[in-house]
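According to TrEMBL, the protein carries these features:
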{"type": "TRANSMEM", "residues": "44-64", "note": "transmembrane segment"}
{"type": "TRANSMEM", "residues": "70-94", "note": "transmembrane segment"}
{"type": "TRANSMEM", "residues": "106-123", "note": "transmembrane segment"}
{"type": "TRANSMEM", "residues": "158-176", "note": "transmembrane segment"}
{"type": "TRANSMEM", "residues": "182-205", "note": "transmembrane segment"}
{"type": "TRANSMEM", "residues": "260-283", "note": "transmembrane segment"}
{"type": "TRANSMEM", "residues": "295-314", "note": "transmembrane segment"}
{"type": "TRANSMEM", "residues": "350-368", "note": "transmembrane segment"}
{"type": "TRANSMEM", "residues": "380-400", "note": "transmembrane segment"}
{"type": "TRANSMEM", "residues": "412-434", "note": "transmembrane segment"}
{"type": "TRANSMEM", "residues": "440-460", "note": "transmembrane segment"}
Amino acid sequence: MKLRNTAITRAHSACLPMGDCVGIKYSSANNVEEHKGGNGIPKVSIVPLVFLIFYEVSGGPFGIEDSVKAAGPLLAIVGFLLFALIWSVPEALITAEMGTMFPENGGYVVWVSSALGPFWGFQQGWAKWLSGVIDNALYPVLFLDYVKSSVPALGGGLPRTLAVLILTVALTYMNYRGLTIVWLGAVFLGVFSLLPFFVMGLIAIPRIEPSRWFEMDLGNVNWGLYLNTLFWNLNYWDSISTLAGEVENPKRTLPRALSYALVLVVGGYLYPLITCTAAVPVVREFWSDGYFSDIARILGGFWLHSWIQAAAALSNMGNFVTEMSSDSYQLLGMAERGMLPEFFAKRSRYGTPLIGIMFSAFGVVLLSWMSFQEIIAAENYLYCFGMILEFIAFIKLRVVHPNASRPYKIPLGTIGAVLMIVPPGILIVVVMMLASFKVMVVSILAVLLGFMLQPGLVYVEKRRWLMFSISAELPDLLDSNVEEDQTTPLVF
């Protein structure tokens, strides 16, 4: 890999307060060559990219049962519709614009660095990576929750701990073997995971009683569980940006893939919710992780129950490998921009970020002791912090560099862009306020640790204890030669 001196020590701006330095800018964000990836590995085309996004965000309706438990069928259905409109659509649109403006593996880290400076770019990377690792710790837990009814020994104790470790090692190895294996698996697993719900919905149609959809008790709503479940199932659209450097023709492919994935994700949630809540009597206490497999047994028998369980198990594997890919390529992208030591940018013989994969796997193992609700709340809190920086960066780049090249541009002016992020901004505040004291304290301490890590890495680089370099294959980040706007007329 060709290298240049790092921008961190040249700029000497890593620790300035937000807004005191503009930081790094692209002179040509879209001059990144579109060829084969590391070691001649083909880049990702649109169909596998759709399923990679599907697994980054969703992976199927596994885990949405808690929304019914928390608030009943009506609020669950309406919630997924409203949250898709006020959260998923704006986040996907911003990802399409910024991801095509900065098509490299640093993703949202580069967006924030360009707008707010390298210090805040690092904080974005730290919060999002930690949130992603916490998210990944959830999938072995969900996997075991679905299979424990068939294998009760996996419900707790040493067998469950060993199962988590074995799953983590096996799925980490899949990431090590290459992104091609990951996206091939994502396409197969996506189809396999959604198909039984389609069949279950067809079986449920003759049993549907529409009155069940309108069951609601506002005096008995667990708002914390409800909002965290909706938020967790409809976020992470920006995670695909950390794989933008591995995408074939990202200027056109990324916006289209995001739009198709949005339909797939939201439809994949609403279809089983609408059919299943009306086909069987709603006992809210029963609606927890794995309950769809019980409904499958009621509606279709043991064969459908087994199919749903197998789909859940494999879907969680798909979530794990795609999330780990995003997390590890993010670390690689940060190293290629000189934000992390050079060894994070080294690839294995399969073209994968070996050190990033190892760090992400280690984090998953450390966090696997947390409960399902704690994992969701902690990752949501850290994710919200990162999204605040992301929204600020998006607006600032629109204001400061309105004519910068944006191959895809949201068809809104500055005022429209600000109004678009107001509802998700309010949602962020609500989600963070509803966090438990324990989650809030742990999350704030994690953020403060990032505030210390970045200056510490600057000091390490100055003392030459570790090497920091910028990849020569990336475009220069200069603010003196910004291209005129050339938008691609895409319907999103």
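Including glycine, each Cβ sits where the backbone N, Cα and C put it.
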Worksheet item: Looking at 44-64, 182-205, 295-314, 440-460, which one has the highest count of Cβ pairs under 8 angstroms to the transmembrane segment (106-123)?
Response: 440-460
Worksheet item: Who are the chain neighbours of the transmembrane segment (350-368) in space, where the CB to CB distance is under 8 Å and they lie at least 6 residues beyond its ends?
Response: 37-39, 41, 129-130, 132-134, 136-137, 140-141, 164-165, 168-169, 172, 175-179, 324, 327-332, 343-344, 375
Discussion item. If we skip the immediate neighbours and take only residues 6+ beyond the ends of the transmembrane segment (182-205), which ones have a Cβ under 8 Å from one of its Cβ atoms?
Written reply: 44, 47-49, 51-52, 54-55, 59-62, 174-175, 268, 271-272, 275-276, 278-279, 292, 295-296, 299-300, 304, 307-308, 311-312, 314-315, 317-318, 321-322, 325
Fill in: Contact set, same chain, for the transmembrane segment (295-314): CB under 8 Å, 6 or more residues outside the stretch
60, 62, 142-143, 146-147, 149-150, 189, 192-197, 199-200, 203-204, 207, 276, 279-280
